[in-house]
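Chemist: Below: one structure in structure tokens.
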Amino acid sequence: KREKHNGKRRNGDRQENKRENQRRKRSSKSVQGIREESQSKTERRERSRRRKGKAEHETSGHEGNKRERDQTRAKSTKSKKNIKNEKTRKLEGKEDGEAQEKSEKGKLKLVCTKNEEKIESGDQLKEKEKALGVKKKKKRRKKVVETSSEPETSEDGDDEEEVNNDGEVRPELLSPEELEKLKEAVDEKKKLIQSLRGKPWPMKQKLVTLRESQLFVEKYEGALGKGKGRKLYAYKVMMTKKWMKFQRDFENFKTACIPWEMKIKEIESHFGSSVASYFIFLRWMYGINMILFSLTFGLVMVPEALMGRPYGSIPRKTVPRAEEAGAMDFAVLWDFGGYAQYSVLFYGYYNNQRAIGWFKFRMPLSYFLVGVGTVAYSYMVVIRTMARNANESGIGDDNSFNFSWKMFTSWDYLIGNPETADNKFASITTSFKEAILEEQESRKDDNIHLTRFLRVLANFLVLCCLAGSGYLIYFVVRRSQKFALDGLENHTWWERNEVNMVMSLLGMFCPMLFDVISTLENYHPRVALQWQLGRIFALFLGNLYTFIIALMDAINLKRKEEKVVKYNITMWEATLYNGTGSENSTAPPITIHPADVPRGPCWETMVGQEFVRLIISDTMTTYITLLIGDFLRAVLVRFLNHCWCWDLEAGFPSYSEFDVSGNVLGLIFNQGMIWMGAFYAPCLPALNLLRLHVSMYLQCWAVMCCNVPQERVFKASGSNNFYMAMLLVILFLSTLPAIYTIVTIPPSFDCGPFSGKNRMFDVIQETLESDFPAWFSKVFSYASNPGLVLPFILLMVLAIYYLQSTSKSYKEANVELKKKLQMQNEENKKKNKQAALKAQMDLEEAKKSASQTAEHQRNNNDSVQRQEGENAKIYMTR
Amino acid sequence: MVSPAIALAFLPLLLTLIIRYRYYFVLFYRAVLVRIWKDCVTGLSREERAFQYVLTNSTPGDPDSILDAFDYWCSKVEFISNIGPKKGKILDRLLMEQSPLTVLELGAHCGYSTVRIARALPLGARLYSIEMDQGNAAIAEKIIRLAGFDDDTVELIVNPSDEVIPRLRSDYNLERLDFVFMDHWKKCYLPDLQLLEGYGLLGKGSMIVADNVLFPGAPKFLRYLRKCGLYEWKIHRATLEYSRGIRDGMAELIYQGIK
């Protein structure tokens, strides 16, 4: 579309130039007189053509802006000059009514333009047009009195002249009838432009026609108005052009504003859309985390930091005496103990004060609502995106025209790198080969058992692997519990971090093994990717749930400990007060430093800490794998290749490929952990945001610098929704434990915003009772009455059922329609074939009959001859 | 002390590496370990052992049976990087199509490819075979004679290729080579090709076939081909000789000259 506009603009320019030329000509006319003009007409025509060409070159070189300015200037000067010209002409006074002449010319012009149209449609009409041109010339000669013979005027010249004459048509001097005609002509031209695409003409002719009619329309559309309208028109044209330019710039600006768009496009051009889909997914994830982060940061962390009690005011906000020594260690950075633990970053720091600050910010309520809100928002976004994607991807993917699909849709048009294009080319050819082989095999139907067996075997191996890794994690978790009972201090760093290490290592290496095993199965890479994703999903899920089960055990341990501590504290307080009471009753109340107050083990903070540690170790493993597995390998391969006995780049270690499935799943599970842990550690979204930001740049860099395009590049058109579906499952699975802990386990008694309550969601009850008017809580209690809730849920279920069944029926109807279409197509084909066959038969018959008649004649002749010959023979024998 | 669990977590990695690169391990075992072992046990070189086997298991004067014996020995007993039967078929086809009169072979090794080429040559053609190593050349000579090719058909030149090529025109009266087969040191592919170009031994339409361009591989050679534009070239993809999983290729070049 944009190009079209450009073309238009250029046309406009050309037209301007023509006008200018003509103006020059006219001025020369007035000076030199007409006699000379007619004699040197042809010559000048040529010159003008040359000049025009030059001008075109010049203008095309100019910037658009300048062009526009020139144009406007030209227009304004032109109108002035026209008037001047007229005056000079009238002064010359050679002819009688010049206006009449002009109107005549205008009429002629109309006819001519109509003819022009027709020239294009048929060669025969050309002659007619020529004749018209001659006629016109004759008339003109009559008028101009001067009669100079001018037999050699080429058609081109004629056209040129017509164009030159265009400018002389002065619409303000036309009669209404002619105006009407002009209008009609313009309308016709417009129609022509619209219907041009469907015309069965050669391209060149189409282009020429298009350009000419556009010129015509542009020229006369505005001219239809009166003198004032012209100016307005010029202004309008200028403004539309400026507006167009602005729109284009704005469009560019918009793409520049999309974060990382250019980077992703570059990667897409080098690695195909499957790799790019990962980065688009990453960006989408970043957006979601941005919102989660702004929610937790703006509504929980900042208010607590600004308006809540300061650090050190109450026990839960101070580092206990025992930990003070190591509270500023360097290890705090990745262990998140010490000062980091006793800060807004974790659940335990928050106070259960109902309202904080000067405008009574309801902290516990806000904490709870943000926790629920982030999850609800995530659900909403994921489901909405899924629905949108489902609409898009619901059309294709049927196997009925396998080869046609392959033929016409297998190229990835976003590839802009020769190497990738080579790979794509190779992969398309191999896919064709494979498809042909498959087709043959499906006809032979013998090898299917082997592939089935191999697939079953592969799945069995994968299951074994999964079971093994699950058992290993279980074993490690049990051991770590033993260590925890012994006390962590007397174990090495390796043993303390065993669980995280083993989980990360298994998560890293098992997918490789799956990948190797999946070569047995011989699936299409897109299907293989989905299987791979499913397997890694199972692995990660197993790992995650073992981790959660271990965490649950730890929570139970902590709660037992808490009970003991609670008892001890009451005893401690009693002894404290009793002691002081007995000693001196008038003494001021004892002030104990909050760091010395005994406190319970805050299980919520422990959970949050575990998640934060897991995220950090996960991130570290990802980055280290990236650096070692990709970067170091690439460096080694690149620089050792000069002094190695085989080709490292093409052969054995080679460069690594980008692992789409592993990375996508890493991202998804990372997000799952964020959702799970964000309630107990409000800093998690912030950390995740940081991680995603860094990994965006790091991975973009790593992909471009040390990976090679996949050998089988394939389109990732259908995989986006697969990612989304997995994300939804993970979201559900990660909210389950979080909801379970919130609903079933009572919060710790001395830390967090819900301390002292029986359950965390009691906050809502409390708020309803104290902050809202009585009628509201009454309404709420009525509304939450099971008698009302149950019918409502029933209604919802019914609605869902209804919607689902309607969508199903729609889908069925779609399938039916598709079938019908196909049938119709086939029928049409058959009909056509039959018609063709019939025509062929007829033709053959006709031919045959013709040849038969010919043969008949010949036969006759032959027989005559033969007879004669026979006769002769007979005669001879006789 | 690293705990056993962490060590166990590396098991999948180990398995992956073993499964993914199994062909390379097998190749390493057959080409290096077995060779060293046999060298120690028999006291003969690998080529001599191959020759012994071929001598006892083939019909003299019949190139096909010699090639078959070689193939059997290389795939079942030990490993010698001959061109192999699969890529050999491609070579045969190219030779049949081209039917060259003067052929140059760089790297005769123990004569397998020489016999293979000589077998496919038309009547009156002449094959110059260059081998650098003295011992290998002696065995190659024996094999060639065993196959029944005389001095007029096959001429074995025992010298490094970069010394022979400059003297080809003067010493052997060669004007133009129709067909060149390269199977010597992979690093010498490019310099030798440039030597051939430089001494004007290639004419328009001469064909050059280079084996093992992907594994062990001649990256500089391929890069030069891509850049120089003197050749019309393609790579016949196949697997490494006597091994299934390692991909290899044979480059086929047709000299076009400077346009």
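Glycine is no exception: its Cβ is also placed from the backbone N, Cα and C atoms.
According to TrEMBL, the protein has these features:
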- A:10-20: compositional bias 'Basic and acidic residues' (COMPBIAS)
- A:34-46: compositional bias 'Basic and acidic residues' (COMPBIAS)
- A:55-73: compositional bias 'Basic and acidic residues' (COMPBIAS)
- A:83-107: compositional bias 'Basic and acidic residues' (COMPBIAS)
- A:114-132: compositional bias 'Basic and acidic residues' (COMPBIAS)
- A:133-143: compositional bias 'Basic residues' (COMPBIAS)
- A:855-871: compositional bias 'Basic and acidic residues' (COMPBIAS)
- A:602-717: domain 'TMC' (DOMAIN)
- A:1-177: region 'Disordered' (REGION)
- A:825-878: region 'Disordered' (REGION)
- A:286-307: transmembrane segment (TRANSMEM)
- A:327-349: transmembrane segment (TRANSMEM)
- A:361-382: transmembrane segment (TRANSMEM)
- A:456-477: transmembrane segment (TRANSMEM)
- A:498-517: transmembrane segment (TRANSMEM)
- A:537-557: transmembrane segment (TRANSMEM)
- A:722-743: transmembrane segment (TRANSMEM)
- A:779-803: transmembrane segment (TRANSMEM)
Chemist: Examine the transmembrane segment (A:456-477) against the transmembrane segment (A:286-307) and state whether at least 3 Cβ pairs sit under 8 A, considering only residue pairs 6 or more apart.
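Modeler: No, since the transmembrane segment (A:456-477) and the transmembrane segment (A:286-307) share fewer than 3 Cβ pairs closer than 8 Å, they do not count as touching.
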Chemist: Near the transmembrane segment (A:722-743), which same-chain residues lie under 8 Å Cβ to Cβ, leaving out any that are not at least 6 residues past its ends?
Modeler: 277, 281, 371, 375, 378-379, 382-383, 385-386, 389, 530, 533, 537, 541, 544, 548, 552, 555, 607, 664-665, 668-669, 671-673, 675-676, 679, 759-761
Chemist: May I ask for the residues of the chain that lie six or more residues beyond the transmembrane segment (A:779-803) and have a Cβ under 8 Å from a Cβ within it?
Modeler: 768
Chemist: Please average pLDDT over the domain 'TMC' (A:602-717) for the predicted structure.
Modeler: 86
Chemist: Grab the same-chain neighbours of the transmembrane segment (A:361-382) for me: Cβ-Cβ under 8 Å, and only residues 6 or more beyond its ends, written as numbers and ranges.
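Modeler: Same-chain contacts beyond the flanks: 288, 291-292, 295-296, 299-300, 303-304, 307-308, 350-355, 675, 678-679, 685, 724, 727-728, 731, 735, 738, 742, 753-754, 760-761, 763-764, 767, 771.
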Chemist: Using DSSP, tally how many residues of the domain 'TMC' (A:602-717) sit in helix, strand and coil.
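Modeler: The composition, in the requested order, is 82 helix, 4 strand, 30 coil.
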